[in-house]
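Novice: Grabbed the feature section from TrEMBL, which reads as follows:
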- 7-152: domain 'MobA-like NTP transferase' (DOMAIN)
- Leu10, Ser11, Gly12, Lys22, Asp66, Asp95: GTP binding site (BINDING)
- Asp95: Mg(2+) binding site (BINDING)
Amino acid sequence: MEAVLNGLILSGGYSSRMGRDKALLEYHGMPQREYLRRVLAACCAEVFLSCRPDQVVDAGWKVVVDVFDFRTPLNGIMSALQLHPDRAWLAVAVDMPRVDEAVLLQLLGARDPEKIATCFYNPVRRMPEPLLTIWEPAALPVLQRYVAQGTVGPQYVLNNEIIQAIQPLDADIFLNVNYPTDWPSL
């Protein structure tokens, strides 16, 4: 039986290269985190914003606060899995403005709850894309094992575990915005 699916907007980074909070940049006539909340709400039971303990979040957001002592997106993913261990989590990086409902529906259509993760294969990087992935409840003990061994990158986990990886309809969905010069060009 498939676990209920929650949405998780990964926004716990420091946005140091951008110089401002990437979650608040506008691409679709609204802050990116609000856009992703609306897109995820169409296919998820609940939508949460992943953040650091020191981040200020507006009222009205359900949050997953990072609880682990390392600075990678895996902190948000594991914190979510620990908060609701019976739920699957569709994690999306806040700096991927080309993700839309069609992208999420393609991923959902390929979901395999028997594997720890369902993700896209990034043909440009030639590897699974960890920051646009459905993480199943069974992923938590696997991720905990990697962290105990000193590996805190979700990419490494996807590269070394049996997962469901699919080809995207458009490789541009992986475009992310890290620098001020990247932002106006979209």
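In case you wondered, yes, glycine gets a Cβ from its N, Cα and C as well.
Predicted, not measured: the structure shown is a model, and the values here were computed from it.
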Novice: Counting across all protein chains present, how many other Cβ atoms fall within 10 Å of the Cβ of Asp95 (GTP binding site)?
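Specialist: So the number of other Cβ atoms within 10 Å of Asp95 (GTP binding site) is 22.
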Novice: Tell me, if you would, which residue among Leu10, Ser11, Asp66 (binding-site residues) has the fewest other CB atoms within 10 Å in the structure shown?
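Specialist: Among the binding-site residues Leu10, Ser11, Asp66, the sparsest Cβ neighbourhood within 10 Å belongs to Asp66.
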Novice: Looking only at the domain 'MobA-like NTP transferase' (7-152), what are its DSSP counts of helix, strand and coil residues?
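Specialist: Counting residues per DSSP class in the domain 'MobA-like NTP transferase' (7-152), I get 43 helix, 36 strand, 67 coil.
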Novice: Averaged over the domain 'MobA-like NTP transferase' (7-152), what pLDDT does the predicted model reach?
Specialist: 89
